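Visitor: Sharing a structure with you now.
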Ligand code: BG6
Ligand code: MG
């Protein structure tokens, strides 16, 4: 098992980790599901966390037994509709939307020389970082358009460590989604989950809240 002293880099998810966009994604998908007559549930909402735009749409259609009801072109139109609603909400964001403790954590990581990269499935990640005024912290972003497979496949986290020129076991991956934790584990990185300990039970360490994510607390858990 990796020791805290071995850690040199952090590979971050964005939505639900640095900012609360997971709620905005959920609301925009919920709206679309309602318009399609697909019943919404917390389980469906949680299962969509970390999942790419088109895969999320497929999951929603499947939940409603409608996976064969639309052509590819119609599906793309539905995804665009969701994205338009989502982006309108993103454009209202400010640095006040950074989750508690995350700015201080990023500042501490930077001050102590840890390397940072972003492993978000979102094609809107640069826009979100811009709104939060955090773009400077993440010059290294995995391009989700370059991926063959989405989370829980390890590809995005493997690429996140490669951008830092670090071996996987010297990186901590930070996630709020079960699919993301699975991706980090499969990439051979140390997984830090933020959220419900049962949902994120596969993570090497879980914090209930972003405010608890500090280097001291990580060191205590990792040893
Ligand atoms: C992930 C979110 O970060 O990005 C998902 O957790 C979202 O909910 C995915 O579907 C893709 O985002 P976007 O902005 O490219 O539609
Ligand atoms: Mg997330």
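Glycine residues also receive a Cβ, built from the backbone N, Cα and C atoms like all the rest.
Remember, TrEMBL labels are computer predictions, not curated facts.
The active site, nucleophile annotation in TrEMBL covers 13. Annotation source TrEMBL lists substrate binding site at 13-15, 29, 48-53, 56, 82, 120-124, 151. Positions annotated as Mg(2+) binding site by TrEMBL: 13, 15, 175, 176. What TrEMBL records for 15 is active site, proton donor/acceptor.
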Visitor: Under a threshold of 6 Å between Cβ and any atom of ligand 1, which of the binding-site residues 29, 175, 176 are retained?
Guide: none
Visitor: Which whole-number value in Å describes the distance between the Cα atoms of the residue listed as 'active site, nucleophile' and residue 50 (substrate binding site)?
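Guide: Computed Cα spacing between the residue listed as 'active site, nucleophile' and residue 50 (substrate binding site) is 8 Å.
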Visitor: Nearest to residue 53 (substrate binding site) by Cα distance: which of the binding-site residues 15, 175, 176 is it?
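Guide: The answer is 15.
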Visitor: When DSSP is mapped onto helix/strand/coil, what comes out for residue 29 (substrate binding site)?
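Guide: DSSP assigns residue 29 (substrate binding site) to helix.
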Visitor: Nearest by CA distance to residue 123 (substrate binding site): which of the binding-site residues is it, out of 15, 175, 176?
Guide: 15
Visitor: Other than its own, how many Cβ atoms are within 10 Å of the Cβ belonging to residue 123 (substrate binding site)?
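Guide: Within a 10 Å radius of the Cβ of residue 123 (substrate binding site) lie 13 other Cβ atoms.
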Visitor: Of 13, 15, 50, 53, 123, 176, which recorded positions come close to ligand 2, meaning Cβ under 6 Å from one of its atoms?
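Guide: Cβ < 6 Å from ligand 2, in sequence order: 13, 15, 50, 176.
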Visitor: Between the Cα atoms of residue 175 (Mg(2+) binding site) and residue 29 (substrate binding site), what distance do you get, rounded to the nearest Å?
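Guide: The Cα atom of residue 175 (Mg(2+) binding site) is 20 Å away from the Cα atom of residue 29 (substrate binding site).
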